[in-house]
Amino acid sequence: RKEGERFVRFRKKMSGGGEGGEDETTLEFTPTWVVAAVCTIIVAISLAAERLLHYGGKYLKRKDQKPLYEALQKIKEELMLLGFISLLLTVSQNGLTKICVPPGVLRHMLPCTLKEKDQKESQLPKSHSAFSFPGIARRLLADRLLAEAEAAEEAHPKTSFCSSKSKVPLLSLEALHHLHIFIFVLAVVHVTFSVLTVVFGGARIRQWKRWEDSIRKENYDTSKVLKPKFTQVQNHEFIKGRFSGFGKDSALIGWLQSFFKQFYGSVTKSDYVTLRLGFIMTHCKTNPKFDFHKYMIRALEDDFKIVVGISWYLWLFVVIFLLLNINGWHTYFWIAFIPVILLLSVGTKLEHVITQLAHEVAEKHAAIEGDLVVKPSDGHFWFHRPHIVLFLIHFILFQNAFEIAFFFWIWVTYGFDSCIMGQVRYIVPRLVIGVFIQVLCSYSTLPLYAVVTQMGTHYKRAIFNEHVQVGLVGWAEKVKKKKALKAESQGSSHDQEGSSTSAGIQLGSVFQKKASTPEDNASVPKAEGSN
């Protein structure tokens, strides 16, 4: 066994790796076919990924999915940022490894103790116990070769740049490589989890389409529309579900009901019908047939490009965590509670907004003529800013992705028994919390956000303008075709020219008006310009 260990040491010395090193051959001594093959594979994979994103964008544009197309562009921007980070780390690695510091500087704020490091290194020689060299001649040959290698090393010592100064590198090449991989894994996991959350949440929201269809069908029934209607507020299903019953006058019980409501039936049909009517009566009163469900889906898709990105404050969070990941603090365990607390707070707040809308109507009216209508307002949201909810959801999804990415990165890189991984009693709760956050956010919080945030004072102007433009262009094309057919039937080229001019004038006059919906030209008083 001793001869085997000495022979392995000899091989490493001859390869230039030093003690514990590996064979490192420069590009000038690497076969050309290896270089060409590796380059071909890397370029082929990169081009395939680029073409996939390109054709995905063309498909979304062809399907008129502008918000999702913009989200795809955001993903491309994140990939470009990752590529730049990768290039920067690769180019600067030689310079970083030559930054030398005294050994004492690197003995503080360690994820693992130096004692654990010594124990790990003491186990490494056991991996070479399988080597044996029977026979006196072979043993003597190994001794002579090793002695020659050690003598050559003493004559021409191969010390590292920092070792020659009796210092250590600020960051080793291996540690830099691991950091490189972690950043890439984090970005990929975040984008993947964001996509899964929006896909599953969107699937639940699309289940509400049948509610929208039934409402629109009732609006086409003239016998019901023209019939006078009086609503007893206390008997309305929306009020009974959100206002009546035990504790309706207690703010504390109201918040507790909102907290538990997010876990079951977060949005009922009566909630959807009432919130939909409140939105329409506020922003497009003259168009009761407005497709609120389609608008809500497009607004959620528009927000997706924000959720899928990694903003500067999220990178700042990563840096702070890496700074505080000190042995004995169990930082990775305690920060797992941050997203779950925020998620429960957001869900409770969104449910409480619906409850507040019900209280406003129930406290003011006993009976009303027509349907029950709630009044949207920014005053129901934190700091009168509904978009704070989107910011929190963005942070929650990223932090949860960070926890999962960090777990699997440690597992693959250092093993499940690594000191950074920690004990099982700290690992299992983190995984359970991560799964809980992903399920609750997809099943409850995101659908709640999609409908409740429409109860703000403003609406998304960009979504309305898109519908208006599509509707008006389609109408103008119909006018042109109708005029052209009429002119052809008369057989007069002069009339044909006049018809086209008339259609153009009508189109211009319509675009000068500020329409509120794709089906109606009534003005809309309030709009959210930035969103």
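Residue positions begin at 1 at the first shown residue.
Backbone N, Cα and C define each Cβ position, glycine as well.
Note that TrEMBL annotation is computational and uncurated.
Within the chain, the transmembrane segment (33-53) has long-range Cβ neighbours (under 8 A, six or more residues past its boundaries) at 27, 72, 75-76. As annotated by TrEMBL, transmembrane segment applies to 33-53 (among others).
Per TrEMBL, transmembrane segment is recorded for 179-200 (among others). Counting only same-chain residues 6+ beyond the ends of the transmembrane segment (179-200), those with a CB under 8 A from a CB of the stretch are 75, 78, 82, 85-86, 89-90, 300, 304, 307-308, 310, 318, 397-398, 400-402, 404-406, 408-409, 413, 438, 441-443, 446.
Annotation source TrEMBL lists transmembrane segment at 304-326 (among others).
Long-range contacts of the transmembrane segment (332-350) within the same chain: residues 255, 258-259, 262, 266, 321, 325, 381-382, 389, 392-393, 395-396, 399-400, 403, 406, 422, 426, 429-430, 433-434, 436-437, 440-441, 444-445, 448-449, 452-453, each at least 6 residues beyond the stretch ends and with a Cβ under 8 Å from a Cβ of the stretch. Taken from TrEMBL, the feature transmembrane segment covers 332-350 (among others).
Residues annotated as transmembrane segment in TrEMBL: 388-411 (among others).
Distant neighbours of the transmembrane segment (431-452): 193, 196-198, 200-201, 204-205, 262-263, 266-267, 271-272, 275, 296-297, 299-300, 336-337, 339-340, 343, 346-347, 350-351, 353-354, 389-390, 393, 396-397, 400, 403-404, 407; these residues of the same chain sit at least 6 beyond its ends, with a Cβ under 8 Å from one of its Cβ atoms. Summarising the annotation, TrEMBL assigns transmembrane segment to 431-452 (among others).
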